[in-house]
C-alpha cells in the first residue's frame, strides 16, 4: 500500500531535505522566540518538532490542516521583529479554521524557501485528492501509526492496538480470522496491500450491499438500466437519463471492463454513494446558481462583527488576521472601529477596552489584498468612526490611495438611482458604510423614549450592554453608559449647511439615586473627505418603521442590536419584513457578549435582515448555521432571499406564518456511521458510544430536534436504522443540522462532528453526510449514511 505521496517524497529535493530536518525559530510573540528542530515525517503528511536535534519529537501539525503558506512580509508578528529577525528568512503556516498561525524563521533564505516550496507542494497534493485518494491516504496514515517498529509490517498485536485507536471494539477471534484471511503471504504479518484487504473486510457494509442487491438482478452488478432505475426511484433525480447514469458509471466504476460494459460493481456503487454526487448537499447549489442582478437589499449578506478581534471583546487581540479569515471564508461585510492613534495615524480596536490596536492603513491594505480572493461580489466596509477631523482626513486618504479603483467613490452611472445596485453591478467593488453629510437636512428636534418594559433588572442590563456597543448609529437608550430610571431622553442633532456636520448628543439628566457612568457630551465632527466616500450605505438612526418609510431613502441603512431586533420581530414582524424589502438592515451582537459568543442568525434572517453580523472567531452552533447557510451559491457571501421576503406587499410574519406556504414533511432514516473519531482525548482507552441528533432551525414554529439511540462501543461502523419525522411550515427558511455526539451517562455528551445545510439544498434518497469539526474542517472519512424523503404537506408519523 504505497502512499500517494511516495513518488514525490523520494524524488523532490525540497521534500527530501525537509525529511532530514532543519532548525528554525518558532515565534509566538516579541518575547517568545525558541529554537526548534522541524522534520517532515516519512508519511509526508505530518511535521514533527523537537527541542534538540536528536531529542524526543512530538507532532507539530498535519498537512491536511494547512490552508496556505505566507512569506514573512505578510506576517504582522514577524514584521514587528524586523530588527531582530530578517523577514526574508521567515514564513507563516496558516491553518484551516480558528487555529493560530505558526510563524517560523529559518537560518537562511534558502532554507526558508525549501520549506515554503515543499509545504506548498504538499498542500496542493492534499487539496487535489478525490474521496478515494483521501481514503487511501487515511489508510496509509493509520498503517504508519499502527506499525510501531516501522518495519513496514503489522503483527496481530499491532493490529489489535490499531483497532482500539480506530474506535473498533471487536471479538478477538473474529478479528484474528479477518487477519488470517488478509495474510495471503502467510507471514503472520500484514504488509501494505494485505492491510487494505483487512480494512475492506473490516468495513464491509451490509446495508449498502443489501441496497445494491435490491436493484441488481444477479447481485454482482448494476446494469445501465438498473442504475437508472435506482437514480430515478430512490435518488429522486428528476432529469435522470441514460446519459447521466452512464456519466456516473464512467466517473465511479473502478474497473475498465465495467466501464466498457456500462455496468457498476459494488465497489463502484459505494464509491458513488460516498462522492459529491451521493452527498446530501445538492452539487447544483455549490456554484453560483442564483440571480445576482437584484438590488443588494434582496440578499442575505455574510457579515462579521468587530472583525479585527480574534479573541474576546474586552482583552482580546486585534489583528488583520481577523479580516483575512473573514474575507477568505466569503464574508462580504467587515467592521472597522477607528479611533485616533499616535503620530496622526488612526488605529483600529474596541474602544474603551483593553484590546490591542492595529493601524487603520494596515486593515485597508489587508482588505485590498484579500477582498476578492474567495468571491468577486462587493465587500462592505462598515466604518465606526470615532476620530478627530484630521485623522478622518487621513482615513479618507488611505481608503482612496490604497483601495484605488476597487473603492466605489461615485454612483455607478453618476446619478442617484431609484434602488440599490445589484451584486453583479458591483463586482470587485468595495463600498463604505458610514455617516454622511446631507446639506438638505433640516434642523430636527426629537424626543426618544427608553424602550417600554425595560425597568429594573432589564434596564440595568441594557445600560451595561451599551458600554460595549460601538455601532455608528446606536439606539438612543444605549447611547450613554448609565443605570437610570425610565424617562425620556432628549437629543438634538445639528446639521450645519456648511462643509461639516456637528452632532451633539445631550447626556441624560440623572435622578437622585441613579448612577451615571458618563455625563460628558459626545461630539462627532464629520470630515467631508470621508463623508464623500459613503455612496449607497449611509448610516441613519432607526426610530420607527413609520418614520423610516416617511423620511428615509433606499440608500440609507440602520443598525440594530440583537435585543432590539428580536423585540421588533415579535412586536412588528411584518413591518420589519416590509422594511427589509426596500432598505438594508444590519444586526449586531449584544454588548453583553464580552466572550464573543454568538446569537442564532436564523431568527433575524426570518425577518429579512440582510446583514446579521457574527463573531466569526467563535465556533459553535450559531456559526455552523451561518456557515451552512452561506455554503450555497458558490460561497460568494450573497444568498437571494425567498420571494416573500422581497415583496414589499408581503403579509409574512415570522412569528405567525400563514398560508400560502408549501409546507413539507421530512422523513430521515439515520442508517449508519463510518469512521467516527474520538475527539475527547481525556477519556483515554474508551470507545465512543455515538448517537445522531437532527435539528431544524427556521421560523419559531418549525424549530425542532430529535435524536437516535446511542450505539455502544462502536465509532467505526455503528448502525442505527432509526427514522425521524419533521413537519416544516416554511421550508424556504429552514436549516438542517446533523450532529454526532458521544453518549456519556455521567456527564454532557461529547461533540464528534456536525454538518449544517439549507433545506433547499438537500438531496433526497440515500446520501452520505460528511462530517465537519467544530471549526468547520473536514473529518474525512467520518460520515453518516441516511435516507432522505420529502413529502408535500404535513403528514403524520404513520406516513
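Quick reminder: no glycine exception, Cβ is built from N, Cα and C everywhere.
As written in Swiss-Prot, here are the features:
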- 26-53: region 'Substrate binding' (REGION)
- 147, 149, 151, 153, 158: Ca(2+) 1 binding site (BINDING)
- 170-205: domain 'EF-hand 2' (DOMAIN)
- 183, 185, 187, 189, 194: Ca(2+) 2 binding site (BINDING)
- 206-237: domain 'EF-hand 3' (DOMAIN)
- 306, 335, 337, 384: Ca(2+) 3 binding site (BINDING)
- 433, 435, 559, 586: substrate binding site (BINDING)
- 460: phosphoserine (MOD_RES)
- 687, 689, 713: Ca(2+) 4 binding site (BINDING)
- 742, 743, 744: Ca(2+) 5 binding site (BINDING)
- 768-771: motif 'PDZ-binding' (MOTIF)
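Locations of recorded Swiss-Prot features on the structure.
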residue	record	CB count, 10 Å
147	Ca(2+) 1 binding site	19
185	Ca(2+) 2 binding site	12
194	Ca(2+) 2 binding site	20
306	Ca(2+) 3 binding site	27
335	Ca(2+) 3 binding site	27
337	Ca(2+) 3 binding site	25
384	Ca(2+) 3 binding site	24
687	Ca(2+) 4 binding site	20
743	Ca(2+) 5 binding site	15
744	Ca(2+) 5 binding site	15
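When secondary structure is read from DSSP and collapsed to three states, residue 194 (Ca(2+) 2 binding site) falls in the helix class.
Counting residue by residue with DSSP, the motif 'PDZ-binding' (768-771) contains 0 helix, 4 strand, 0 coil. Considering only the binding-site residues 183, 185, 435, 744, no residue lies within 10 A of residue 335 (Ca(2+) 3 binding site) on a C-alpha to C-alpha basis. In this structure, the binding-site residues 151, 158, 183, 689, 742 were compared by how many other Cβ atoms lie within 10 Å of their Cβ, and the smallest count belongs to 151. Long-range contacts of the domain 'EF-hand 3' (206-237) within the same chain, counting only residues at least 6 positions beyond its ends with a Cβ under 8 Å from a Cβ of the stretch, are 244-246, 248-249, 258, 262-266, 269-270, 273, 671-672, 719, 721, 763-766, 785.
The Cα atom of residue 185 (Ca(2+) 2 binding site) lies nearest to that of 153, taking the binding-site residues 147, 153, 158, 559, 586 as the candidates. In sequence order, 153 are the residues of the chain that are 6 or more apart from residue 187 (Ca(2+) 2 binding site) and have a CB within less than 8 Å of its CB. Set side by side, the binding-site residues 153, 433, 435 differ in how many other CB atoms lie within 10 angstroms of their CB, and the most is found at 433. Residue environment of residue 713 (Ca(2+) 4 binding site) contains 16 other Cβ atoms, counted within 10 Å of its Cβ in all protein chains. The C-beta environment of residue 189 (Ca(2+) 2 binding site), restricted to residues of the same chain at least 6 apart in sequence and closer than 8 Å, consists of 153, 154, 155, 183. Summary of the Ca(2+) 4 site environment: with the site residues 687, 689, 713 set aside, the chain residues having Cβ atoms within 8 Å of the Cβ mean position are 167, 169, 686, 688, 690, 711, 712, 714, 715. Taking only the Cα positions, the spacing between residue 687 (Ca(2+) 4 binding site) and residue 742 (Ca(2+) 5 binding site) is 9 angstrom. With helix defined as DSSP H, G or I and strand as E or B, the domain 'EF-hand 3' (206-237) counts 20 helix, 2 strand, 10 coil. Across the structure, residue 151 (Ca(2+) 1 binding site) and residue 742 (Ca(2+) 5 binding site) are spaced 35 Å apart at their Cα atoms.
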